[in-house]
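**Q** Mind looking over this structure? Questions follow.
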Amino acid sequence: MGTEEEDEDELSARYKNTLDALSSLITKRTRFTNNNQSHRFHLLFHYLKVLELEDAVSQMKIIHVAGTKGKGSTCTFTESILRCYGLRTGLFTSPHLIDVRERFRLNGIEISQEKFVDYFWCCFHKLKEKTSNEIPMPTYFCFLALLAFKIFTTEQVDVVILEVGLGGRFDATNVIQKPVVCGISSLGYDHMEILGYTLAEIAAEKAGIFKNGVPAFTVPQPHEAMHVLNEKASKLGVNLQVVEPLDSSQRLGLQGEHQYLNAGLAVALCSTFLEKINIEDKNGLNQTSGIPEKFISGLSNAYLIGRAMIVPDSELPEEIVYYLDGAHSPESMDACAIWFSKQIKQNQERNQKRSEQILLFNCMSVRDPRLLLPRLRSKCIDHGVDFKRAVFVPNVSVYNQVGSWSSNVDQRVDSVTWQFGLQRLWESLARGEAKYNSKGKEEEKSLVFSSLPLAVDWLRENARRSKQVPFQVLVTGSLHLVGDLLKLIRK
């Protein structure tokens with residue numbers, strides 16, 4: 001027994017050392033230009049050569065997915081469906097919420113600590129030996145993409161589902177030359193300082209994953225974006241098809257109306273992939289939906305941490321329920337608000353009991369809260385849900401979570417100055433609405449806490465005092481905030 005404990009302690013220490021080494025690859029975020037993006041991107045081919053992965057990667061069967069929102073969900077649905085066909089799957093997604101190993105899933109399960117440590121050091125040492133002034137170590141995300149290729153080729157998976165990290169054209173995942181099929185989920189405004197300030201520019205970056213003659217699918221897009229996607233596809237001889245949302249009668253493992261769009265895209269990607277590798281499923285069609293039973297099973301069992309999750313508080317499960325969604329773009333705020341409002345309405349119909357809705361929010365300083373909070377608030381009010389209070393907190397993990405984008409943003413996020421700014425914006429929205437509110441309703445109270453644990457303590461203390469009125473807490477604005485809360489309430 002002692003030996004087992006010693007082994008565990010040793011693995012734990014090795015894993016911590018591994019995360020420290022990984023952290024060393026996080027670079028100070030500099031202004032991105034096409035030149036330095038292009039230079040970094042072309043270094044990837046050299047890194048593949050150093051790791052002796054060129055041939056193995058060229059033989060991998062890959063589904064490649066880009067987009068502004070919904071790409072992680074699309075990849076999750078896709079992986080879940082293909083696993084139902086008995087295929088050994090490798091899924092690479094980002095970001096992670098609690099542990100970096102979430103980014104690497106083998107057959108739907110995140111890679112073990114032991115395997116992660118072994119693969120990490122194998123790649124790290126080989127690359128370190130070949131570094132020079134001209135060829136530095138890969139940056140954090142580039143390294144993780146290379147590590148994914150190492151893991152999936154060695155583990156001999158049948159299919160790799162690759163989610164683009166940022167953009168497409170110069171993304172580290174785009175080092176692949178011949179995927180089986182490509183997908184582009186909904187496009188919108190995000191990371192504009194890198195990808196461009198118009199939908200046309202953003203679409204051009206995302207379309208960078210198109211490869212000559214490789215079929216591609218997308219969902220209905222704004223005209224400006226669709227025009228560019230069609231243009232880029234046409235130049236490369238890509239058969240680009242637009243897929244419609246799946247019928248809403250289909251049960252999905254991921255919650256929210258917007259998921260029917262992502263599920264429709266996943267179905268198209270899987271159908272094409274299975275056809276290309278000569279697996280056809282004409283016999284298993286469900287009579288109602290016309291979709292094979294294995295697709296239905298994959299769609300209904302898909303699971304993605306931090307997206308439309310409902311988690312009761314570990315200490316007060318009856319009094320506090322958290323509604324977690326890592327929405328952080330204007331469009332995903334709309335989807336989050338609709339999902340939350342729908343859940344609240346269904347809950348009220350079932351229980352016939354009064355409850356209080358509370359917002360727990362933070363966003364990074366690279367986001368514009370003026371584009372997020374008004375959308376969230378007005379969309380909830382449109383659906384008959386009003387927040388009794390709003391609570392603003394900093395993220396716990398701004399500087400200690402390996403590889404969060406936030407590691408590279410300015411100090412404002414780590415101080416409550418930013419949170420007070422969010423509070424002022426919220427209060428101004430409340431005052432603006434109060435002018436038009438003839439009922440003379442009391443304005444919502446808003447609070448700022450210097451840490452997330454303090455905010456959770458406050459929620460629990462208040463919930464204990466008002467036991468008759470349960471709290472339904474929407475936690476959103478940042479994936480990292482969602483991850484921090486999950487860690488905190490699961491302790």
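Each residue's number is its place along the chain shown, starting with 1.
A Cβ is built for glycine as well, from the same backbone N, Cα and C atoms used for every other residue.
Automatic, uncurated: that is what TrEMBL annotation is.
So TrEMBL says this about it:
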| type | residues | note |
| --- | --- | --- |
| BINDING | SER94, GLU163, HIS191 | Mg(2+) binding site |
| BINDING | ARG307, ASP325 | ATP binding site |
**Q** Count the other Cβ atoms sitting within 10 Å of the Cβ of ASP325 (ATP binding site), across every protein chain shown.
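**A** I get 25 for this one.
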**Q** Provide, as an integer number of angstrom, the distance between the C-alpha atoms of GLU163 (Mg(2+) binding site) and ARG307 (ATP binding site).
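**A** GLU163 (Mg(2+) binding site) and ARG307 (ATP binding site) have their Cα atoms 16 Å apart.
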**Q** Mind checking which of SER94, GLU163, ARG307 has the fewest other CB atoms within 10 A of its CB? They're the binding-site residues.
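**A** Looking at the binding-site residues SER94, GLU163, ARG307, the Cβ with the fewest others within 10 Å is that of SER94.
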**Q** Hey, how far is ARG307 (ATP binding site) from SER94 (Mg(2+) binding site), Cα to Cα, in Å?
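**A** With distance taken Cα to Cα, SER94 (Mg(2+) binding site) is 13 Å from ARG307 (ATP binding site).
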**Q** What is the interatomic distance between the Cα atoms of ASP325 (ATP binding site) and SER94 (Mg(2+) binding site), given in whole Å?
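**A** Cα-Cα, rounded: 15 Å.
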